[in-house]
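Novice: Summarising the annotation, TrEMBL assigns transmembrane segment to C:12-29, C:49-71, C:91-116, C:123-144, C:201-221, C:248-268, C:288-313, C:325-348, C:354-375.
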Amino acid sequence: MTKTTVTRRGVLKSGATAGAGLALPTIFTASSAAAYMNEPTGGTVTLGFNVPQTGPYADEGADELRAYELAVEHLNGGGDGGMMNTFSSKALQGNGILGKKVQFVTGDTQTKSDAARASAKSMIEKDGAIMITGGSSSGVAIAVQGLCQEAGVIFMAGLTHSNDTTGKDKKANGFRHFFNAYMSGAALAPVLAAQYGTDRKAYHLTADYTWGWTQEESIKAATEALGWQTVNTVKTPLAATDFSSYIAPVLNSGADVLILNHYGGNMVNSLTNAVQFGLRDKMVNGKHFEIVVPLYSRLMAKGAGENVKGILGSTNWHWSLQDDASKAFVKSFGTKYGFPPSQAAHTVYCQTLLYADACERAGTFNPCGVAQALEGFEFDGLGNGKTLYRAADHQCFKDVLVVRGKENPTSEFDLLEVVEVTPAGQVTYPPDHPMFSGGMLGTCNAGA
Amino acid sequence: MDAFLLQILNGLDKGSAYALIALGLTLIFGTLGVVNFAHGALFMIGAFCAVTLQRLFTLSFETIDPTRTDFLGNPMKVKTPYIESWFGPDIGAAIIDWSVPLAVLFSIPIMLGIGYAMERGLIKHFYKRPHADQILVTFGLAIVLQEVVKYFFGANPIQTPAPAALRGSVDLGQMIGFQANAIIYPIWRLVYFFFAAGVIAAVFAFLQFTTFGMVVRAGMADRETVGLLGINIDRRFTIMFGIAAAVAGLAGVMYGPLNPPNYHMGMDFLVLSFVVVVVGGMGSLPGAVLAGFLLGVLESFASTTWATTTIPGINQIIIYLVAIIILLTRPRGLMGRKGVMED
Amino acid sequence: MLGLDKKDTTLLIIVALLTLGAPFILNPFPADSAMAQFNAGYPDLMQRFVIFGIFAIGFNILFGLTGYLSFGHAAFLGVGSYSAVWIFKLFTYNVLPAVALSVVVAGLFSLLMGFVSLRRSGIYFSILTLAFAQMSFALAYSVLSNPRFNLTNGETGLQVYADDPQLFHSDRLPDLPHLFGLSMRATYRLDLGGWSFDFNAGYYLCAVVLMAVFYLAIRIFRSPFGMMLRAVKSNQQRMNYTGLNTRPYTLAAFVISGMYAGLAGGLMAAMDPLAGAERMQWTASGEVVLMTILGGTGTLIGPVLGAGFIKYFENIFSKINDNVLHGWFGFLPDGLEDAMVFLVHPFIGKGWHLTLGILFMLVVIFLPGGLVEGGQRLGRWIRRRRGGKDGEAQRKTEPAE
Amino acid sequence: MGILEVKNVSKNFGGLKALSDVNLNVRENTVHAIIGPNGAGKSTLLNCLVGKLIPDTGSVMFDGQSVLGRKPFEINQMGISRVFQTPEIFGDLTVMENMLIPIFARRDGAFRMHAIESIRNEAGVIEQAEKMLIDMNMIDKRHMHAASMSRGDKRRLEIGMCLSQEPRLLLLDEPTAGMARADTNNTIDLLKQIKAERDITIAIIEHDMHVVFSLADRITVLAQGTPLVEDEPQNIRGNPKVREAYLGETA
């Protein structure tokens with residue numbers, strides 16, 4: 001296949017998508033009068049919240065659901081309004097979306113792409129959801145994003161950190177608010193250099209699947225650009241529960257930094273094991289041995305307990321941020337549930353508001369209209385400073401937090417401290433960056 | 001050489017957990033003829049005994065400290081464990097610190113009780129049922145147990161740290177003449193290994209040297225004959241079920257400091273423990289122990305850079321590959337008896 | 001009819017009526033009533049019922065007839081899905097060649113795996129199949145998705161990209177799996193009063209396939225071959241000393257069930273063109289074991305019932321949240337409403353696993369023959385009641401004579 | 001020439017000599033009994049004949065062909081059927097199905113993939129099975145589950161299953177073990193009838209002298225893995241070696 005044919009096929013394909021709708025009264029036709037998939041006809045509009053309710057990420061899923069409920073409450077005019085008051089766009093009235101009361105349905109992704117697609121389909125086919133959002137892994141996000149593209153609804157991805165979500169698997173109907181592996185690397189590397197010097201030898205342990213690889217690639221590139229050497233990169237099975245046999249050789253490898261490209265249960269266990277093996281007490285090459293966890297989440301950090309103390313990583317948002325928006329969100333979430341929100345909660349809350357706002361600004365629920373309103377949208381007041389939804393790949397660009405495990409936590413939630421807020425400009429990359437190459441956004445699909 | 005020794009150590013350590021779980025599993029199978037898919041859940045419950053005890057020790061009363069504020073800006077509620085106010089902060093903190101070893105004592109009666117209740121309440125009715133039914137009902141039970149634990153403790157892992165005194169690592173290499181940092185090993189992992197060895201030895205001694213054990217062994221060999229002698233073998237088997245549950249539970253309690261327990265850790269170990277039992281030979285106690293350590297060591301070696309560069313992905317499949325090779329070359333596992341579980 | 005005796009013909013007709021009428025049967029509640037939560041008649045779930053039904057029917061041919069308990073059949077389902085998606089990627093979105101290739105590839109794969117695993121029996125066989133399946137899963141999830149040789153696309157799942165060759169694709173055809181132009185997503189919605197019913201092309205394709213393979217399963221059950229398989233389960237020793245080589249019989253059963261699994265996998269990809277590795281995990285194999293036992297091992301209809309039961313729970317119970325509960329119990333006084341929600345809460349939504357686990361236990365404890373036995377008992381009970389009445393009537397008439 | 005010729009067969013289990021240098025010659029259309037005290041090696045010998053065990057040395061020829069190295073099902077296909085000490089039947093299947101299976105095996109060989117045809121259409125096979133059930137006097141039990149029958153019926157069914165294959169050699173391993181006297185006599189009558197009506201060679205291992213002497217044309221006495229004598233029944237009765245072997249009397 002030559003390059004030109006590939007492009008031609010791509011063009012044909014987008015044409016076909018549009019054409020198919022006309023040629024056959026096919027895809028999920030509810031009534032032929034509807035202008036787009038699941039057009040809300042009554043006084044309500046239904047959103048689909050697709051989060052892991054069972055399986056290892058159930059706690060993150062539960063926190064996402066809490067935030068969704070809070071967002072719906074705020075959209076419908078209840079509660080204290082949360083970040084609606086600080087949001088730079090003032091389109092939202094507190095009377096639902098476009099005057100329709102917001103309802104929601106929930107589904108269980110089980111953190112499996114099949115199950116996630118099944119529950120998303122059920123929300124679209126059965127409950128008439130106009131938008132799907134949520135999730136706690138990149139595999140699920142990409143799978144559901146593809147489905148929403150085919151079905152013709154908007155997908156607002158939840159926790160998904162892989163470059164692919166807005167890289168080779170990007171879709172016109174999908175938007176990501178979360179940051180990604182490249183941004184983690186770009187944000188972390190300067191801080192690492194500042195804290196640990198530029199003459200470091202790094203040893204990577206990487207979860208052996210797509211996200212792990214992109215994470216490793218990103219942080220490796222970012223640290224090597226600053227002068228670090230990479231001693232070894234070792235892949236660990238996703239199903240591994242004990243990392244002792246991967247940690248044990250690290251001390252003898254000549255490395256003086258261990259980078260754990262792990263998430264969730266893998267991260268908790270590998271970090272626990274690394275600390276157990278006394279890595280943090282050692283001096284290697286005349287330097288203090290350090291451990292880095294590129295992607296942090298407070299919920300998971302809690303599982304790792306004392307072991308996170310002093311360990312650097314990046315995160316999307318943290319409740320201790322002192323801007324007005326974050327404070328407003330923490331206040332309204334904390335008042336309702338009694339504890340501060342996680343970054344997962346923050347992300348999905350923002351996305352619900354952003355979707356609603358885009359509908360208001362577009363004046364329609366039509367996915368193509370909404371997508372247009374979101375593309376290139378610049379805003380402020382949702383807790384991460386000035387933020388841009390880039391039109392080219394539907395990735396969101398905003399400040400990234402570099403955090404460190406707190407040495408003296410004052411409460412069970414006070415586990416991380418913000419070391420640096422890396423400005424958006426420093427983590428921005430061109431849409432055709434090699435780590436994000438391949439794949440096409442395509443054209444938006446309205447379904448009907 | 002030092003890398004080699006290090007992986008042997010790692011293997012023995014992983015193997016300890018495998019062997020303990022497989023020991024109980026094969027004990028239940030050998031005595032009762034029951035395929036127990038809930039055995040992993042017992043391991044998990046053991047670990048949560050430690051979590052529970054830690055929670056009990058840290059039960060706290062709240063006092064309001066007006067000088068500090070919480071995340072919402074309200075006056076901070078400071079929690080003080082009751083135990084610290086009863087015994088004084090030092091002893092109280094020490095008790096909390098030692099909660100995992102104390103949980104060993106706490107868990108034995110609990111696990112025996114759970115095992116006893118499980119056998120009398122459920123398993124007993126399934127002795128004569130097909131293995132498939134046993135699998136379904138114990139699998140159902142495993143799901144119920146883990147969901148109940150999840151309901152109370154959440155899905156995230158929970159730290160159950162070892163006592164501070166046993167938390168660090170020792171430089172074993174230096175002790176035997178290698179250079180510094182060559183063989184660093186965590187103290188708690190050594191404790192776990194010796195603990196496992198002790199438990200295994202105790203189970204074997206119990207079966208070997210007590211009358212009770214003798215009858216059980218005879219029952220494992222030929223249940224009907226022993227029954228004909230007028231010995232109430234069923235009651236003894238019930239107790240054996242309790243013991244098997246306790247062994248799995250102990251494996252779980254002590255495992256907590258190695259890797260923080262979560263509600264699905266039992267399922268993570270379930271497949272593996274069945275592989276261990278089968279590789280060792282169904283119903284063979286020494287086989288289970290041998291296979292546990294063997295697979296632990298092989299798994300450790302397969303995860304070295306040398307192995308994964310020679311055969312990509314070997315660390316993912318080694319356990320299963322070994323199981324296939326052993327089952328094809330030794331039909332009944334390493335030490336299995338003929339005719340067990342072949343129908 | 002069709003070479004079946006009266007009882008089997010009746011069974012086949014019942015299955016045909018149930019599958020063809022599923023859009024009505026599964027949507028018994030008006031669309032905007034509170035009970036609509038329990039409606040299962042939307043395309044995706046109906047497809048799933050039928051596809052997992054096919055999977056379980058095939059599994060039952062191996063497990064129900066020969067007694068060989070495989071813990072690795074999900075691997076064949078996964079391989080079937082991957083094959084189908086590769087056809088979509090390379091050649092065409094037409095589902096016919098895709099599903100055909102799924103069956104063939106799964107058949108070859110199961111031939112290989114069966115040839116090795118069937119050298120052992122009992123739990124040793126189970127563990128061998130489990131080991132093979134877990135190896136396949138590990139390979140598909142990570143090893144075979146490395147950038148140089150990406151066969152499975154790992155965690156994300158294999159899917160069709162715009163720059164895939166699709167040699168035989170043309171503009172006139174839908175950009176989704178289709179059968180000679182008829183999109184699998186094509187759905188006709190019938191609104192009748194408060195009710196609405198979905199008639200989906202993909203579902204009806206699956207339903208037709210289900211009827212065909214169900215018919216095939218009946219034929220296999222009633223054939224000398226089927227009898228031989230039951231004989232293998234009953235007494236292998238006697239088989240050997242009767243001049244019968246059990247290995248090819250079990251291998252044939254293994255391959256047939258593997259092909260059923262491949263067919264299910266292919267259809268799954270045809271309904272939704274994405275193949276994820278977790279379909280191959282041991283828990284997925286365990287699920288089909290549970291479906292079969294739950295429905296009734298060795299019975300014809302049992303596995304289909306078991307599949308429906310489990311999928312219904314997974315998709316319906318997991319979607320009930322506290323909001324829905326408050327809706328249901330809204331008619332109660334506030335305190336009572338909250339109490340009811342509190343009581344039911346652990347069993348729905350994120351607690352659906354708990355409910356399923358409890359139901360497994362209840363079914364297997366009280367209905368050793370699975371749901372089919374439940375049905376038979378119910379049938380006997382009704383007959384006895386009716387018979388009882390007849391008997392009474394007779395007794396009453398007797399004195400008159 | 002005998003139909004079954006065993007020459008110099010030895011078999012050791014570890015250090016234990018189960019068979020040493022056994023010779024046996026079973027003539028066509030006779031009933032040949034093999035007797036001997038417990039542990040004489042009778043069962044080991046039988047297992048060597050049907051392919052369950054492979055002798056360490058020696059040869060076993062059936063109708064001029066070696067059976068050694070062949071699997072049990074192949075040896076059965078050569079024309080040897082075996083009846084077990086405890087009846088081996090298909091307990092989960094009906095009596096009729098039990099009878100159908102050996103007939104299919106005889107007609108179609110060790111494996112045939114007839115997965116679509118219905119059994120109901122196999123009129124010829126069904127007819128044969130019914131005929132054999134009538135011969136075995138159990139046609140009224142055809143729909144019963146085989147496992148639910150009495151032991152005597154199971155034994156009869158098993159013999160019927162073996163006969164339906166029209167074997168040239170029928171091996172019986174203690175066919176009356178554990179049976180009541182009446183059942184034993186029925187079995188003897190059945191075997192006598194078979195012997196009378198069919199062209200068949202029977203080799204029988206038996207403990208019960210009553211059975212042996214009512215059926216056998218020739219007898220081989222086995223002791224400690226070696227044949228003591230092979231002779232006609234009347235000569236065996238008084239043989240001192242046999243008495244010694246059985247009763248442990250000193251010569």
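The chain as shown is numbered from 1 upward.
Cβ coordinates come from backbone N, Cα and C, glycine included.
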Novice: Under a Cβ pair cut-off of under 8 Å, which of the recorded stretches C:49-71, C:91-116, C:288-313, C:325-348, C:354-375 contacts the transmembrane segment (C:123-144) most often?
Specialist: C:49-71
Novice: Please identify the stretch among C:91-116, C:248-268, C:288-313, C:325-348 with the greatest number of Cβ pairs below 8 Å relative to the transmembrane segment (C:49-71).
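Specialist: The stretch with the most contacts is C:288-313.
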Novice: Among the recorded stretches C:201-221, C:248-268, C:288-313, C:325-348, C:354-375, which has the greatest number of Cβ pairs closer than 8 Å to the transmembrane segment (C:91-116)?
Specialist: C:248-268
Novice: Checking distant contacts: for the transmembrane segment (C:288-313), what same-chain residues at least six beyond its ends satisfy Cβ-Cβ under 8 A?
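Specialist: Contacts with the transmembrane segment (C:288-313): 8, 11, 15, 40, 45, 48-49, 52-53, 55-57, 59-60, 63-65, 69, 71, 73-74, 210, 214, 217-218, 221, 261, 352, 355-356, 359-360, 363-364, 369-373.
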Novice: Can you name the far-off residues of the same chain, 6+ from the ends of the transmembrane segment (C:201-221), with a Cβ under 8 Å from a Cβ of it?
Specialist: 2-4, 8, 11-12, 15-16, 19-20, 22-23, 43, 46-47, 50-51, 53-54, 57-58, 60-61, 65, 95, 99, 177, 179, 182-187, 256, 260, 263, 267, 270-271, 300, 304
